[in-house]
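These notes concern the structure reproduced below.
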């Protein structure tokens, strides 16, 4: 019995070993789907269990014994619930099919064995116990004891017989078999786990190797490995792209194996240095890319060691730093530019703490960089900059906007200085404000210059009085205040009488000193609330504020006149000058500053006309005259451009031959807006505005051009007479212009006669005598016009080199009826001839006058008796007829 049971056990053990081999060879452990893997395992175990059950030993008829419970328990221990459940179902089904007395006990044995195996598995996993031989032994022993216990459920007549028959075998050999078979399965499981871990490790290694390779290839830096001989062991794609060679072509070769030596990143000496010193090195070198363009490489070379720490070669990483170097050079240039900038540069953090200042800041403020770094930028505050300016600055900066303005700051030595600052936020890559940049310039000198210019723009440079601009601005301010407070303002226009004569006689330096002294006297004559200004030349303005009645201006005007009743002492000389004053009142005489000034000017002219050294209040009649004068000024400015000025010519006749020998050019103005304007009205306006200079050039040009044509065609000795005004003599270009016109039209000096009135000589301008002398040197005739109408005509005849004397028409009119006038004319003619002068009688209108003048030996005459002033073409017709006879 025992031998047969032992033989049966051996057969079952062989099948159990076969199960392990089949499970291992089929590679079920490689199936990744758990349920499929466990299902197949369960079926396989079930089939093996059925095979074991088909090779039992029959103890008694209907009672079979085999090693199925060993198989089922080990299945529960090693394969888990699902395979064990499948195996149990299959083997129980077979046992039920086999039938016999032990049908139910046999099925229970299968189920209990499965439960013990699963319970043992749960215990091992929960407590993380190792499957040692003795745990496997106790597993088998517990299963066999359970089997023996289940035998008590066999029929009574069989149970003890069965227990006695199988107990020695299953209690001795089955636990040992379970232990051995379990150990075999454990070893197989350990091997499978080791192989699986090895497989996973290889997968991880391959994945990590691929990841590492991908990362290295993805890097833009050139990476390579060389052995101790300088032969390449590998490289990344960036290095392959740089050299133009594939990795396979590089491995096993050195840089010397390639002709493109200028692509070499390292040389043999670098390799030896790294390996010998076992220390990394850095180097920079210029080389060339494949297209020949230069490139700067930065390389780091380091040794790589084996497990024993022995150097096997070098690892190199290089990168293109060409643009980086250029950027560094640009940054260096910018840094040097900032450092050497002629303006102060300050960088602060968001709190306003200084992080950088340049050398200009140090030289301007006196603070060194070390003294201000980390300090608040308010270290320069002087307390003189309005607080609102700082508030405005920060309001702009916190919004990310720049700010520009001026500060009054304080240097280290306490000196206050002006700075023009431009402050802007500095943004990082994300657009966030990180710093503030201030570019500042010391504008102290400029501010002083601006203040000087501002002062010059508002104050007269000679007298330091407010100038026209400031005076008019103050007048406008006074008018607004007067309108609010319902009071009046008096505008006094002051002009010094005969100042031009004094200025021309004593010189401009003396004139300036007179103006300064006059300004001082005026300042001492008014209240502090009033304004005195200089309008220009010898014109002043006084603004009287807070008047309740116009009469309140009278004592002030009288006081101003009184100031000049005593002479001015200048450089030891006593000079007596008077003032003419015109007064206009706000609001009665004007509602704008310019209107008030204009009306005060009109009143001043009436004061001069009334004998000077007086004052007059403005009246409406003055306004009519002023408007007329203003209209004349406005229209006269454009009269030349509109061709409104023309010349008429009045012939000058030789009384003996009764032939035309010359003519006087007379200016006429036919205004498109105002109509015909007489010379007596517009010439004074031209004199006053200075337009007479340009008009005089027009007269010279037109008259001499016409005269040149008549001289060439009709009379070679023809002379043209042209009047010169006092203002023209103040033109520094007068002589040059006359000489230019005479020469350009091919004339001689004797063809031109310049008429000068006594008014020109009375102006006593310093240049008059010199101009007359130069003109006579050029052969130009000078005639005294309107002789006899002035007080000093005789003295002037002796003082100046006149060639012609023109007797005024006022003496000629009555010579035929008034013996006294005839005697005066006769005396004038004799005197002129005695001085070597020719005589021309003006205003001759009758034959009787002509005969008398001829009898008195008068040389020439002009007047309506011979011809009225006529256009050039009409005179040309007359000259044509005269020469044809």
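For all residues, glycine too, the Cβ spot is worked out from N, Cα and C.
No curator has checked TrEMBL annotations; they are predicted automatically.
Not measured: the values here are computed from a predicted model.
As annotated by TrEMBL, transmembrane segment applies to 6-23 (among others).
What TrEMBL records for 35-57 (among others) is transmembrane segment.
The transmembrane segment annotation in TrEMBL covers 69-94 (among others).
Annotation comment: TrEMBL describes 101-124 (among others) as transmembrane segment.
Residues or ranges marked as transmembrane segment in TrEMBL: 136-155 (among others). Sequence-distant contacts of the transmembrane segment (136-155) (same chain, at least 6 residues past either end, Cβ-Cβ under 8 Å): 63, 69-70, 73, 77, 101-102, 104-105, 108-109, 112-113, 116-117, 120, 162-163, 166-167, 170-171, 174-179, 182-183, 186.
Summarising the annotation, TrEMBL assigns transmembrane segment to 162-185 (among others).
According to TrEMBL, the domain 'PAS' annotation covers 208-254 (among others).
Per TrEMBL, domain 'PAC' is recorded for 281-333 (among others). Per-residue pLDDT, averaged across the domain 'PAC' (281-333), gives 84.
Sequence annotations record features per position, and here TrEMBL assigns domain 'PAS' to 330-375 (among others).
Taken from TrEMBL, the feature domain 'PAC' applies to 403-455 (among others).
Marked as domain 'GGDEF' by TrEMBL: 487-620.
The feature domain 'EAL' is assigned by TrEMBL to 629-883.
Between the domain 'PAC' (281-333) and the stretches 208-254, 403-455, 487-620, 629-883, it is 208-254 that has the most C-beta pairs under 8 angstroms. Through the fold, the transmembrane segment (69-94) approaches residues 12, 16, 19, 35, 38-39, 41-43, 45-50, 52-53, 107, 109-121, 124, 131, 139-140, 143, 147, 174, 177-178, 181-182, 185, 189 of its own chain, all at least 6 residues removed from its boundaries and within a Cβ separation under 8 Å.
Secondary structure of the domain 'PAS' (330-375) per DSSP (helix as H, G, I; strand as E, B; remaining residues coil): 21 helix, 10 strand, 15 coil. Comparing 208-254, 403-455, 629-883 for CB pairs under 8 angstroms to the domain 'GGDEF' (487-620), the maximum falls on 629-883.
Helix, strand and coil counts under DSSP for the domain 'PAS' (208-254) come to 22 helix, 11 strand, 14 coil.
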